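Pulled from TrEMBL, these are the features on record:
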type     : residues : note
TRANSMEM : 25-52    : transmembrane segment
DOMAIN   : 41-287   : domain 'G-protein coupled receptors family 1 profile'
TRANSMEM : 59-79    : transmembrane segment
TRANSMEM : 91-117   : transmembrane segment
TRANSMEM : 138-162  : transmembrane segment
TRANSMEM : 200-226  : transmembrane segment
TRANSMEM : 238-261  : transmembrane segment
TRANSMEM : 273-290  : transmembrane segment
Amino acid sequence: MNHNNSNMVTKILLLGFQNLQSFKIYFFLLLLIIFCITICGNLLIILVVAYSRSLHSPMYFFLTQLSFLDILLTTTIVPNMLHNVLYEGSFVSFIGCLIQYYFFAGSEALECLLLSVMSYDRYQAICNPLHYTSVMDLTFCIKAVLMCWVMMFAVLLTLSVAMSHLDFCGPNIIDHFFCDLDPIVELSCSNTFFMKIEDIILAIPFVLCPFTVIIVSYVYIIVTILNISSVTGRQKTFSTCSSHLAVVSLYYGSLLSIYLFPNMNNAKKILSLLYTVVTPLLNPIIYSLSNRDIKQAFTKLKSKMSNAFFK
């Protein structure tokens, strides 16, 4: 379809959360506090792991990558959401909307891949401990992370090419608090059938396959743990993967629940809040509270910084 430039969408109205009324300021302050805690918490995880030599292992290397992704996701979504809540809706340029979606899609795809790599790391540590250091060496970890990033950029390239073949001539209103794929595609006046098929196809390597790797890894992990005769041994072994399992459950639980409410905007907004705002907040909390090594490294770092400051 050919359209005049005057008919093409140049600005998008994000409706966000309507009818907040007297709760608007409280919701804004809550989001602002969550945003600040999320950024500080994830930066602290990166700093503590970088500082402590005892944390220079594959598990914590992947954890720093996860923290970086949480910072990327939060800074992509929350600042514009704060403006949206304060003014009960906000205009963004169409290009800006696409850029926000690309960053969001890239970070989500990368997080799915990274969580599967982390589950494989836990599988090797628990089910194959004698060969763990030889399998999960620095070279493998760097290659795994680089491969995840390359695949993420492949997703963005594919989506960019597909979007470039669509015409957007109105309407220009999205009933959401950020630019997601389905709301953007609904604005197109082109045939979006192939775009939707492509979205389903991309979900296989970037959502379904990583989720399958996670499930298979934890099946082997649980079987191995159950074969440990000592109750103390089972508890100690399970504690090494409990944080990752909690993060995976929270992330995939909220992400997959979106598909259970395909036509309920309010439900989709609430569930979207879970994996775009709440999960990046809880990830560093879950890992720091349940991990003795991180707590000890943080205590040492805090002591060293205090001594340096007051010296």
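Cβ coordinates come from backbone N, Cα and C, glycine included.
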Positions on the same chain near the transmembrane segment (25-52), where near means CB under 8 A and six or more residues out: 17, 60-61, 63-64, 67-68, 70-71, 74-75, 78-79, 81-82, 85-86, 277-278, 280-281, 283-285, 287-288, 293-294, 297-298, 300-301
Per-region confidence, the domain 'G-protein coupled receptors family 1 profile' (41-287) (mean pLDDT, whole number): 88
